Amino acid sequence: MSDSVSISVPYRNLRKEIELETVTKHRQNESGSSSFSESASPSNHSDSADGESVSKNCSLVTLVLSCTVAAGVQFGWALQLSLLTPYIQTLGISHAFSSFIWLCGPITGLVVQPFVGIWSDKCTSKYGRRRPFILVGSFMISIAVIIIGFSADIGYLLGDSKEHCSTFKGTRTRAAVVFIIGFWLLDLANNTVQGPARALLADLSGPDQRNTANAVFCLWMAIGNILGFSAGASGKWQEWFPFLTSRACCAACGNLKAAFLLAVVFLTICTLVTIYFAKEIPFTSNKPTRIQDSAPLLDDLQSKGLEHSKLNNGTANGIKYERVERDTDEQFGNSENEHQDETYVDGPGSVLVNLLTSLRHLPPAMHSVLIVMALTWLSWFPFFLFDTDWMGREVYHGDPTGDSLHMELYDQGVREGALGLLLNSVVLGISSFLIEPMCQRMGARVVWALSNFTVFACMAGTAVISLMSLSDDKNGIEYIMRGNETTRTAAVIVFALLGFPLAITYSVPFSVTAEVTADSGGGQGLAIGVLNLAIVIPQMIVSLGAGPWDQLFGGGNLPAFVLASVAAFAAGVIALQRLPTLSSSFKSTGFHIG
């Protein structure tokens with residue numbers, strides 16, 4: 001296009017020809033300016049002729065060491081996923097309301113990530129744009145997990161019951177409030193770290209290193225998951241560190257406290273390694289932000305870029321653009337105002353509004369993607385919330401607020417559930433290598449549908465296992481103590497098998513979105529943001545409704561799991577009927593919900 005201009009929009013690539021023209025023009029006008037020569041140098045982090053953040057690849061060792069923080073964050077997330085729903089019930093919060101605490105995840109993900117993304121893009125710290133946020137976020141995670149681990153002791157000091165925790169079965173209100181504060185702070189901190197950590201890797205990796213960088217990042221996440229679930233499954237920490245138990249903090253609490261203190265040590269080491277080896281070049285505020293500075297390592301979604309002639313004020317792809325007119329000869333006359341005419345209202349509020357209003361401008365096929373994605377997460381989130389609780393209650397017949405015998409059975413089930421989640425992570429990691437050939441052979445539409453049908457079968461399997469386990473009650477407590485190895489083994493197998501569809505859920509929908517929106521230019525990045533809405537809104541629905549829904553049918557986790565099975569089946573059917581047939585090409589993507 002002969003008179004196209006580059007404009008400032010969030011997450012965008014500047015047109016190659018425009019940047020080349022800019023460099024040529026500026027060199028002609030100010031060839032003696034050392035400052036420009038420095039900024040136009042191919043080695044500069046922010047400016048390069050090809051529009052990449054880094055024009056020269058960094059070493060593989062640097063890439064590997066620069067994203068170790070992913071393992072530290074994931075370690076804590078694994079403990080959060082496996083231990084915290086059971087633990088909040090030991091503080092007296094009923095099962096019906098235990099799901100409410102998980103509201104913080106989708107809310108902070110929806111609100112915090114746009115703020116952190118924009119602030120890190122504009123950060124002019126001498127330590128770089130991403131590392132300050134990673135450091136602060138990691139510190140917040142450490143504070144949060146310490147608050148959670150010591151919530152019972154803090155509540156005791158603030159006036160909770162002085163009765164020993166082994167005999168007191170009531171609600172410890174102050175401890176529960178402290179726990180919830182720590183839980184929300186933990187989710188906020190997780191979202192503070194994860195976005196800048198991925199953006200840092202995008203900053204450091206060269207154009208031909210994106211797939212490698214993404215694989216390394218996902219590998220560290222898998223390592224963190226495996227270590228975290230292993231820590232949660234041990235159940236022996238309070239025996240190795242008996243001084244962590246107290247009058248307010250019994251065995252389960254001491255185990256949680258020790259595991260989280262280990263998480264603090266591990267996260268600190270990982271963060272320091274990342275901070276040391278990730279060499280960022282400080283950002284100069286008078287330079288426009290590039291797409292790669294903020295792009296997640298999903299795909300080169302903005303490869304087509306935005307092309308606009310001189311625009312009147314208007315809307316395209318759900319984003320409001322202002323008229324951009326300038327004379328090329330005058331553009332470089334005043335370097336101080338070089339980019340003042342490139343304007344975009346990029347506040348966090350504007351980002352959220354754009355995400356909502358852009359629903360009208362998405363390709364028709366994208367609406368089907370959003371429906372399938374929403375149903376997919378309606379099927380997954382009940383499992384994320386209640387997996388180990390289900391193992392402790394339905395499979396092991398335990399009760400977190402019962403007598404010592406039932407509490408021991410419950411704790412044993414929770415540890416077994418954490419072991420199942422460990423196997424789930426292993427299967428997920430192995431399955432991630434199979435997704436690409438499967439998509440090339442069957443197509444992404446069929447693969448996504450297959451994953452949902454697998455979830456349907458597994459969640460239906462939890463119902464069968466629950467009914468089989470409940471039939472053991474008539475055999476008496478001694479039989480329950482010995483346990484039915486068939487049902488317990490089957491439950492662990494279900495946990496492990498769910499790693500296969502989870503790997504697909506973490507990758508294929510984003511590649512489908514990339515292909516469906518491939519012809520919409522800059523709308524692709526916005527479509528990924530809209531896809532996130534199809535994740536967080538179902539999470540909010542499940543967080544608010546799962547506990548009361550279970551209570552409506554007498555308690556337990558079976559009602560929510562049955563509903564999840566129905567949602568998974570519906571997602572599979574709609575995926576086969578409504579999703580478009582896509583090309584067989586597939587680029588693996590990485591994703592995490594936290």
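Backbone N, Cα and C define each Cβ position, glycine as well.
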Shared topological domain relative to the membrane, R247 and Q440, Swiss-Prot: no
Record feature N-linked glycosylation site (Swiss-Prot), assigned residue among N44, N313, N484: N484
Feature contact check the transmembrane segment (258-278) with the transmembrane segment (215-235), CB under 8 Å, 3 or more pairs: yes
Same-chain residues near the transmembrane segment (175-195), Cβ under 8 Å, at least 6 residues beyond its ends: 69-70, 73, 76-77, 80, 84, 87-88, 91-93, 101, 104-105, 108-109, 112-113, 116-117, 120, 133-134, 136-138, 140-141, 143-148, 151-152, 154-156, 158, 160, 248, 296, 592, 594
Cβ packing number for N484 (N-linked glycosylation site), 10 Å threshold: 19
Close approaches to the transmembrane segment (132-152) from elsewhere in its chain (Cβ under 8 angstroms; 6 or more beyond its ends): 69, 72-73, 76, 79, 84, 91, 116, 119-120, 123, 125, 160, 165, 172, 175-176, 178-179, 181-183, 185-186, 188-190, 192-193, 195-197, 200, 246, 248-249, 253, 256-257, 260-261, 263-264, 267-268, 271, 274-275
Which of 99-119, 258-278, 366-386, 526-546, 556-576 contacts the transmembrane segment (59-79) most, counting Cβ pairs under 8 Å: 258-278
